[in-house]
Amino acid sequence: MLKEKNLKWLSLFTTVLMLFVQIGGALVTKTGSADGCGSSWPLCHGKFVPTHIPKETLIELAHRGVSGLALLSVTWLVILSIKYIGHKKETKFLCYMSIGFIFAQALIGAAAVMWQQNGFVLALHFGISLISFSAVFLLTLLIFEVDQKFDATKLILQPKLRRHTIGLTSFIYFVIYSGALVRHEKASLACSSWPLCRKGAFILPQNFYEWVQMSHRTLAFILFIWLTYVAFHAMRNYAQYRVIKYGYMIAFILICLQVTTGALTIFTAVNLYIALLHALFITLLFGLLCYFILLISRAK
């Protein structure tokens, strides 16, 4: 019983850590702190503790520290999960996903520091860390046996909801990548208005940065319409299943918050707190959609 309780605490701690890794990565990009330690990795300016620590260096060091702690925590969680709940069919798959993608995340992060990758490669960093977070999040739900609490094993889902959920989860990943590309290509303020690029002018983007920005907005708009439709379909037709009804209700709230913070990012000239909330909401939404995929795999 004590071991089970300790595993639950470890899984919660690791999930929160992974969330901080996500937000920390966004903070590094938004504050221009990616070069805070120069081209040195894992050292900072060639030293274990640099003598001069400006704000950018402090942010980069903090992100590296949290990422390193998360790597250790995920490794320990994976070992204990296989030992104590390895009999559950999803455990090993989620463990391999958690550990594999956090190592991939670390390697891409190191490569970005040492060899100055372009924006298209750097955008993968956020996406890969998102998969690792989602795997840890699902592993935590598995440890807490959330499915049993919501009677999720008794779900009967029609092919329509299954197809839409899988499609949404795949599509949102491309939306997230396009958003990360906006950050890394420094195209956040390429358009001065919202939702159009120029106020009152419905014209095509005029340069690369506007194309990056408007491509992300277009994909985000499609995602909003699609998820809204699926959420109301699920709440109307699956009201007897709390996990579906309230799960999609939360998903709808998160996508509304995501769109709102996206617009506010433009209106506030990329306010740091708004930008970090924007990254937080999409992380939570992606994790929730991945949970729906887990439910689909168990439903009749």
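Using the three backbone atoms N, Cα and C, a Cβ is placed for every residue, glycine included.
Quantities reported herein were computed from a predicted structural model and do not represent experimental measurements.
In Swiss-Prot this protein carries:
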- 1-8: topological domain 'Cytoplasmic' (TOPO_DOM)
- 9-29: transmembrane segment (TRANSMEM)
- 30-64: topological domain 'Extracellular' (TOPO_DOM)
- C37-C44: disulfide bond (DISULFID)
- E60: active site (ACT_SITE)
- H63, H125: heme o binding site (BINDING)
- 65-85: transmembrane segment (TRANSMEM)
- 86-92: topological domain 'Cytoplasmic' (TOPO_DOM)
- 93-113: transmembrane segment (TRANSMEM)
- 114-123: topological domain 'Extracellular' (TOPO_DOM)
- 124-144: transmembrane segment (TRANSMEM)
- 145-163: topological domain 'Cytoplasmic' (TOPO_DOM)
- 164-184: transmembrane segment (TRANSMEM)
- 185-218: topological domain 'Extracellular' (TOPO_DOM)
- C191-C197: disulfide bond (DISULFID)
- H216, H278: heme b binding site (BINDING)
- 219-239: transmembrane segment (TRANSMEM)
- 240-249: topological domain 'Cytoplasmic' (TOPO_DOM)
- 250-270: transmembrane segment (TRANSMEM)
- 271-275: topological domain 'Extracellular' (TOPO_DOM)
- 276-296: transmembrane segment (TRANSMEM)
- 297-300: topological domain 'Cytoplasmic' (TOPO_DOM)
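Here the features listed in Swiss-Prot are painted onto the structure.
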| residue | record | DSSP class |
| --- | --- | --- |
| C37 | disulfide bond | coil |
| C44 | disulfide bond | strand |
| E60 | active site | helix |
| H125 | heme o binding site | helix |
| C191 | disulfide bond | coil |
| C197 | disulfide bond | coil |
| H216 | heme b binding site | helix |
| H278 | heme b binding site | helix |
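Highest local Cβ density among the disulfide-bonded residues C37, C44, C191, C197 belongs to C37, counted as other Cβ atoms within 10 Å over all protein chains shown. Mean per-residue pLDDT, taken over the topological domain 'Extracellular' (114-123), amounts to 74. If you look at the transmembrane segment (9-29), the same-chain residues 6 or more away from its ends with a CB under 8 A from one of its CBs are 36, 59-60, 62-63, 66-67, 69-70, 73-74, 76-77, 80-81, 102, 105, 125-126, 129-130, 132-133, 136-137, 139-140, 143-144, 183-184, 272, 275-276, 278-280, 283. In this chain, the transmembrane segment (164-184) lies in contact with the transmembrane segment (276-296); the count of Cβ pairs under 8 Å, excluding pairs fewer than 6 apart in sequence, is at least 3. Note on the topological domain 'Cytoplasmic' (86-92): residues 138-139, 142, 294, 297 of its chain, located 6 or more positions outside it, place their CB under 8 angstroms from a CB of the stretch. Recorded residues C37 (disulfide bond) and E60 (active site) have their alpha carbons 7 Å apart, per Cα-Cα distance. Of all the recorded positions in the list C44, H125, C191, the shortest Cα-Cα distance to H216 (heme b binding site) is found for C191. Calculated from their C-alpha atoms, the gap between E60 (active site) and C44 (disulfide bond) amounts to 9 Å. Looking only at Cα atoms, C197 (disulfide bond) sits nearest to H278 among the binding-site residues H63, H125, H278.
Note on proximity: of the recorded positions H63, H125, C191, H278, the one nearest C44 (disulfide bond) is H63, by Cα distance.
Count of Cβ pairs under 8 Å against the transmembrane segment (164-184): among 124-144, 219-239, 250-270, the largest is for 219-239.
A Cβ distance under 8 Å defines the sequence-distant neighbours of the topological domain 'Extracellular' (30-64), meaning residues of its chain 6+ beyond its ends; these are 21, 24, 109-110, 112-114, 116, 183, 270, 272, 275-276. Within 10 Å of the C-beta atom of H278 (heme b binding site) sit 25 other C-beta atoms, taking all shown protein chains into account.
A C-beta separation below 8 Å, combined with a sequence spacing of at least six in one chain, links H63 (heme o binding site) to V21, G24, G25, L27, V28, S33.
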